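J.: Could you have a look at this structure, given as structure tokens, before my questions?
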């Protein structure tokens, strides 16, 4: 029997995630209180092989110790994976404004912003237990469903999936990053008028970066650091490892370096996704 617990910030996509799991054969239960989860699982043990349970802020115990105790009880008897969905504050505010729905904590006479902040604090103990954190800020419902399917495929295959992503610090650090590397100190093609409109995927920018020994040294040392600890991470029952490379705008340096590191591990036979989070913003701004 396999148990998936879906939780996260209200508005981050838990309902979408639960529907996606139902579509691939999971028996899904929405908004069950945490103290009833062990009873439900015991009842379903001989009836269902795949169970997904959605928990929101209203279903969690007030005391972190109670949460720890219940999760430990479950994990002693069953394989349990916890998927936490996160989203940045501004996106949550926009989603609630668009849907005109109330935040679950708004019943406490909190403003939307205060409710979002309070929920983040209350969910922190659960975040510490998560096997994977998915940042749904840039994801459509279809993309979130695909990310979940990838996670579950990786879980079945017991193969660590490495995500190497570039980003711009001006847009914020990715919420799902396990490692963040800051490359803003490296030579910047932005100050070259011919290179400024290009990206780190284009040949002139690549040639510019390759001319600087400090860029090669950074790539070499960073991939060696990751490679050194990768066996331990693979043994730690993880499904995803997200490595975020950031420069100022996420257009030149971080894109080039993320591409180089991702391609290196892909050539080593690792399962790698390379994503350039901020390039879409530059495309939209043209």
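Using the three backbone atoms N, Cα and C, a Cβ is placed for every residue, glycine included.
The feature ATP binding site is assigned by Swiss-Prot to 8, 9, 10, 11, 12, 13, 14, 15. What Swiss-Prot lists as GTP binding site is 56, 57, 58, 59, and the listing cites sequence analysis.
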J.: Check the DSSP secondary structure of residue 9 (ATP binding site), expressed as helix, strand or coil.
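T.: Once the DSSP labels are grouped into three classes, residue 9 (ATP binding site) ends up as coil.
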J.: Can you tell me how far the Cα of residue 8 (ATP binding site) sits from the Cα of residue 56 (GTP binding site), in Å?
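T.: Cα-Cα distance, residue 8 (ATP binding site) to residue 56 (GTP binding site): 7 Å.
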J.: With an 8 Å cut-off on Cβ distance to the 8, 9, 10, 11, 12, 13, 14, 15 Cβ center, who else from the chain surrounds the ATP site?
T.: 56, 85, 87, 136
J.: Just checking, which of 9, 14, 58 (binding-site residues) has the fewest C-beta atoms within 10 Å of its C-beta?
T.: 58
J.: How big is the Cα-to-Cα gap, in Å, between residue 58 (GTP binding site) and residue 12 (ATP binding site)?
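T.: One finds 15 Å between the Cα atoms of these residues.
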J.: In the three-state scheme derived from DSSP, which category covers residue 58 (GTP binding site)?
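T.: Residue 58 (GTP binding site) sits in a helix per DSSP.
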J.: Helix, strand or coil for residue 14 (ATP binding site)? Use DSSP.
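T.: The residue in question, residue 14 (ATP binding site), is helix (DSSP, three-state).
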J.: Determine, to the nearest whole angstrom, how far the Cα atom of residue 57 (GTP binding site) is from the Cα atom of residue 10 (ATP binding site).
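T.: Between the alpha carbons of residue 57 (GTP binding site) and residue 10 (ATP binding site) there are 8 Å.
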J.: Which residues does residue 59 (GTP binding site) neighbour through Cβ under 8 Å, counting only same-chain ones at least six apart?
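T.: Those within reach of residue 59 (GTP binding site), by Cβ under 8 Å and sequence separation of 6 or more, are 31, 32, 33, 34.
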J.: Can you grab the distance from residue 15 (ATP binding site) over to residue 56 (GTP binding site)? Cα atoms, rounded to a whole Å.
T.: 10
J.: Which one of the binding-site residues (10, 15) has its C-beta surrounded by the most other C-beta atoms within 10 angstroms?
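T.: Result for the most crowded candidate: 10.
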J.: In this structure, which of the binding-site residues 12, 57 has the fewest other Cβ atoms within 10 Å of its Cβ?
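T.: Output over binding-site residues 12, 57: least Cβ neighbours within 10 Å is 57.
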J.: Between residue 13 (ATP binding site) and residue 56 (GTP binding site), how many Å separate their Cα atoms?
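T.: Pair distance, Cα basis, whole Å: 11 Å.
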